[in-house]
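Q: The disulfide bond annotation in Swiss-Prot covers Cys163-Cys230, Cys208-Cys259, Cys218-Cys261 and rests on similarity to another entry. Swiss-Prot lists Asn143 with the feature N-linked glycosylation site. Per Swiss-Prot, the feature region 'Disordered' maps to 39-61, 82-104. Taken from Swiss-Prot, the feature signal peptide covers 1-18.
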Amino acid sequence: MTILFLTMVISYFSCMRAAPLRDAPGMRGHWTEGYLGAAATAPRGHGTPQSGGGPGQREELPSLTDTFEQVIEELLEVEGEAAHVGQGADKSQGGGGPSPVATAEANDVDLYNSRVMISNQVPLEPPLLFLLEEYKNYLDAANMSMRVRRHSDPSRRGELSVCDSISQWVTAVDKKTAIDMSGQTVTVMEKVPVPNGQLKQYFYETKCNPMGYTKDGCRGIDKRHYTSQCRTTQSYVRALTMDSKKKIGWRFIRIDTSCVCTLTIKRGR
C-alpha cells in the first residue's frame with residue numbers, strides 16, 4: 001500500500017508540470033512555426049533524450065503556462081515596435097500630417113474609384129465599373145434567344161433617354177476649382193506626386209448635352225401639365241486638392257455625374 005501511495009503522489013506532482021511544446025512529425029505548418037517558435041527557443045533540459053546531454057546536466061522543463069506567457073510577451077513587443085515606428089514616421093514629417101505621396105500609397109484603392117483615375121495619359125476607355133456593367137449586359141444578352149435579343153435592343157424598341165447627356169474625361173486644367181464636403185471652394189491639383197515622378201488626375205464627368213434635343217425640356221413629358229428641365233447633378237469623389245490656407249490633402253469634391261429630368265406641375269389649369 002505504501003508503494004502504491006508513493007506512486008500516486010509522484011504521478012500527481014508529475015502532472016502539475018507540463019512538457020514543452022514540440023511539433024509533431026509531419027504536422028509542421030505556419031501556425032506551429034509562428035506561435036510555437038518561442039517554445040523552440042525556450043530553455044530546455046539538457047538531460048532530455050532529444051538533446052543528448054548527460055544526467056548531471058538535467059534542468060527543469062518549462063511549464064505550458066510559462067511558454068504561452070513568453071509567446072504573448074514577444075507578440076506585444078513586436079506590436080509595440082511597429083507602433084513606435086509609425087509614430088516616428090509621423091514626427092519626421094514635421095507634424096503637418098501625412099504627405100500626399102504617403103497618402104497616395106496607403107489609399108491607392110481609393111484613387112481608382114469609378115470616376116477618378118490617376119494616370120500619365122488620358123484614359124482611352126470609360127471607368128472600369130462602366131465597362132463591367134456593359135459586359136454584364138452583354139452576357140445577359142448572350143443567354144437570350146435571337147428573337148428575344150432583337151426585342152431587347154433599345155434601338156429596336158425605340159427607347160430614348162429622357163435627357164441627352166455627354167460623358168468625358170477632364171483634368172484640373174478644365175476643372176480648376178471645386179466644392180468640398182464642407183462647402184468650401186478648393187483648388188484641384190493637376191498632378192499627384194508619386195515615388196517615380198508625377199501623375200495627372202482625371203475625372204470622368206457626365207452632364208447634360210447643351211447641343212442635344214432636350215435643351216428645351218425633357219423628352220416624352222406632357223407639356224400641357226408639366227414644365228420639365230434637364231439638369232446636371234453632382235456627386236462626391238476623392239481628389240488631391242489645396243484649400244485657401246495652402247494646405248494640400250485628399251478631400252471629397254463635387255463633380256458632374258449625371259443628367260436628370262426635373263418636373264414642375266403647371267397650376268391653374
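Cβ atoms are placed via backbone N, Cα and C, with glycine included.
What you see is a predicted model, and the numbers here were worked out from it, not measured in a lab.
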Q: Quick one: what's DSSP say for Cys259 (disulfide bond), helix, strand or coil?
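A: Going by the DSSP assignment, Cys259 (disulfide bond) falls within a strand, counted as strand.
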Q: So how many other Cβ atoms are close to Cys163 (disulfide bond), meaning within 10 Å of its Cβ?
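A: For Cys163 (disulfide bond), the count of other Cβ atoms within 10 Å is 24.
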Q: To the nearest Å, how far is the Cα of Cys261 (disulfide bond) from the Cα of Cys208 (disulfide bond)?
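A: Taking the Cα atoms only, Cys261 (disulfide bond) lies 10 Å from Cys208 (disulfide bond).
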Q: At the level of the C-alpha atoms, what whole-angstrom distance separates Cys208 (disulfide bond) and Cys230 (disulfide bond)?
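A: One finds 7 Å between the Cα atoms of these residues.
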Q: Work out the three-state DSSP category of Cys163 (disulfide bond).
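A: For Cys163 (disulfide bond) - judged by DSSP and reduced to three states - the answer is coil.
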Q: Based on DSSP, name the secondary structure state of Cys218 (disulfide bond): helix, strand or coil.
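A: In the DSSP reduction, Cys218 (disulfide bond) maps to coil.
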Q: Check each residue in the chain of Cys259 (disulfide bond) that is at least six apart in sequence and keep those whose C-beta is under 8 Å from its C-beta; list them in sequence order.
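A: Listed in sequence order: Cys163, Asp164, Ser165, Thr206, Lys207, Cys208, Asn209, Cys230, Arg231, Thr232, Thr233.
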Q: In sequence order, which same-chain residues at least six apart have a C-beta under 8 angstroms from Cys218 (disulfide bond)?
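A: Spatial neighbours, sequence-distant, of Cys218 (disulfide bond): Val162, Cys163, Ser228, Gln229, Cys230, Cys261, Leu263.
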Q: Among Cys208, Cys230, Cys261, the disulfide-bonded residues in question, whose Cβ has the most other Cβ atoms within 10 Å in this structure?
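A: It comes out as Cys230.
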